[in-house]
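Chemist: Questions regarding the structure given below will be posed in turn.
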Amino acid sequence: MFGRDPWGGPLEISHADSATDDDRSRNLDLDRAALSTSSRPLDETQQSWLLAGPGDQGSKKKKYVDLGCLIVSRKIFIWTLGVVFGVAALVGLIILIVKTVPRHHHPRPPPDNYTLALHKALMFFNAQRSGPLPKHNNVSWRGNSGMKDGFSDDAVKRSLVGGYYDAGDAIKFNFPSSFAMTMLSWSVIEYSAKYEAVGELAHVREIIKWGADYILRTFNSSADTIDRIAAQVGVGDTSRGPMPNDHYCWMRPEDIDYPRPVFECHGCSDLAAEMAAALAAASVVFKDNKIYSQKLVHGAATLWKFARMQRARYSAGGSDPAKFYNSTSYWDEFVWGGSWMYLATGNSSYLQLVTNPKMAKHAGAFWGGPDYGVLSWDNKLPGAQVLLSRLRLFLSPGYPYEEILRTFHNQTNIVMCSFLPVFKSFNRTKGGLIQLNHGRPQPLQYVVNAAFLAAVYSDYLEAADTPGWYCGPNFFPTSVLRNFAKTQIDYILGKNPEKMSYVVGFGNHYPKHVHHRGASIPKNGVKYGCKGGWKWRDSKKPNPNTIVGAMVAGPDRHDGFHDVRTNYNYTEPTLAGNAGLVAALVALSGEGNGVDKNTIFSAVPPMFPSPPPPPAPWKP
C-alpha cells in the first residue's frame, strides 16, 4: 500500500508484523531517494532530519541515561556516581583514622571537698539505724538492735522497731529526728540532680524512707483522728540515781537488755507539726511512688489535725524530753509544718493559715532577739521564712497572701544580712566560725543550718534572675551568701586553727574519741553489760570503730577542741546536726547546678491571684 508523504513522495505502509528495523531503514533510504527527485522544495528542518542517519540518532540517544522515572545526562550521571563513591571513600578513611589513632582521654576533674564529705556524711545515718538492718548497710560493726522497742512497754505493746538513734546513745527522740528527716527531704527536693550526679540519690532516699516509715509507726497512721503519739523510746535522765538506762549504761545497742520505756504524749502540737512536716516533705521526694506518697500525705494530715486540736508543748512538765530536747514553742512548727503541708497538698487552707498575721506574730516573726534567724531543731521559723520567700519569688500568689509573704521575704533578707561579718549581728571566733549560739557549746549544728539557708537562698535568687539583695541601702550579690556558706563549711572540714576536720573520716586529722557507744566498744563477740562498757567510755585509746561521716559537736568559742570521749560538748554527733551538714554540702557541691525550680510545687495548682477588695467608700 502506498500513501502520500506529507513532504511529497510515496510512503509505503506495511502491515506485516514481521517488519524489522533493517527493513525500515532500507525503506527510509528509498524514501529519501524518492524525495530527492521530488519537485517540492524542503525547508531546512526537513533537510536536516533527512540527512541525519540512523547512526547519528543512536549517538544522541546514548548521551542520556534512562533511570525509569527520570532521564538524566550521561555525563551528569557519571559525575554524580563518582562524587558519591568519592565521598564514601573519604568518610571511610576518616572513620578508619579516628579508630586507629590512639585517643587521649581527658579525665574528669576530681570531686570537690564538699562532694567527698557528702559521701561520708550520709554514712553516719547508716551507723545510727535501729531495728533489723538491711544487708547493704555497709557499717560492719553494727547489727540488729532495738528489736523489742514498743513491745517491752506494757502500756504500749506495739511495734516501735526501726528509726534512728539520736546521737551517741540509743534513745530515739522523735522531735529532732523528724526535723532531720525534713531537712534531708528539703535538700533532695532542691538538689536531686546533684545527688544523682554523685551517685547518692538512691542512698539518701533510702535514709529518708527509713525515717518516714518509723514516724508512721509512732501513731495510728491509718486513722483520720488520733489522740496520742509515741514521742520517745528510751530514757536518759540519770538524776534519780543509778538505774540502768540509755545514759547511765555504756553498751552497744545490739547488747541492750535493760527496759526501754516509751514516752507518749496526748497534747504535743510542736512534735506533731514537725512530724507532719517530715512526712509532707517526704511525700514530695517520693512523688514518683504515688501509693507511698499518698500514704505519707494522709499520715501528715492526721498529725496536723492532732497538732491543731490538742494545743500543748510535747516537753512540758519536766518530762524526760524536756531535759534534752526542750521545745520552747509550737507556733514556729505551725508555720513550718503548714508550709510543707501546702507544698505537699496544694490545699490553699494551709497557705491561708501560715500567712495569717497573727500566726506570724505568735511564731516570733516580729520579736527579734538573740536567736532570731537561727534555724535549729527548736526554731523552725527561719526555715519557713525561706520556704515562703521561695513561693513568692517563683509563683507570686498575690492577694490575699502577698502582705505576709512580702514580710517574710524582707525578714529573710534581714537574716541573710545578719550572717555577714560586716553587720556584726553574731560574733566570730578568731578562726572565722560564726557564733550563732553565742558561745554556748555544740555550735556546729547551728552553723551548718545557716550555711544551707544561705546557699539555697542564693540559688533561689539566681534562679529568679535576681543578682542579689539589699541590706539597708547596701546591695550585696548572691556570691557573698555563697562565700559565707563556703567559709563556714571549710572551717568544719579543716580550715581552722586546730587544722582539725570535725567530720569523722574526712581528711587526715579528725576526732578519734567520738562520744558514741557503738563506735567506742569493739565488736569482738563479748557482751559488755551496763557498767562493763564503762572501761571503753573512759579509755584513752581511740575508738576501735570509725563512725564515718559523723560531725561532732565542735570547738569552743576560742577555736579550741578537746578530743575526749567523755565530753559530749566537743565530741558527740547528732542526727539533726548531720542532716544540716548533708544539706549544706549538697548545696555547695557541683558548681553551676542550681535548685530544681518546679518539683517542690508539683502538688500546687496554678495560682490566679484574686484582686484586692475595693477601698471603703469615701465619707466626708
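Cβ coordinates are placed from backbone N, Cα and C, and glycine is handled just like the others.
Sharing the features that TrEMBL gives for it:
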type	residues	note
REGION	1-25	region 'Disordered'
TRANSMEM	76-98	transmembrane segment
DOMAIN	114-585	domain 'Glycoside hydrolase family 9'
ACT_SITE	HIS515	active site
ACT_SITE	ASP563	active site
ACT_SITE	GLU572	active site
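Could you give the neighbours, burial and distances for every feature on this list?
Modeler: For the domain 'Glycoside hydrolase family 9' (114-585), the model's average pLDDT works out to 96.
Long-range Cβ proximity for HIS515 (active site), meaning a same-chain Cβ under 8 A and a gap of 6 or more residues, is found for ALA167, GLY168, VAL552, ARG565, THR566, ASN567, TYR568, TYR570, THR571, GLU572, PRO573.
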Chemist: Counting Cβ atoms within 10 Å across all protein chains shown, which of the active-site residues ASP563, GLU572 comes out on top?
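Modeler: When each Cβ's neighbours within 10 Å are tallied, GLU572 leads.
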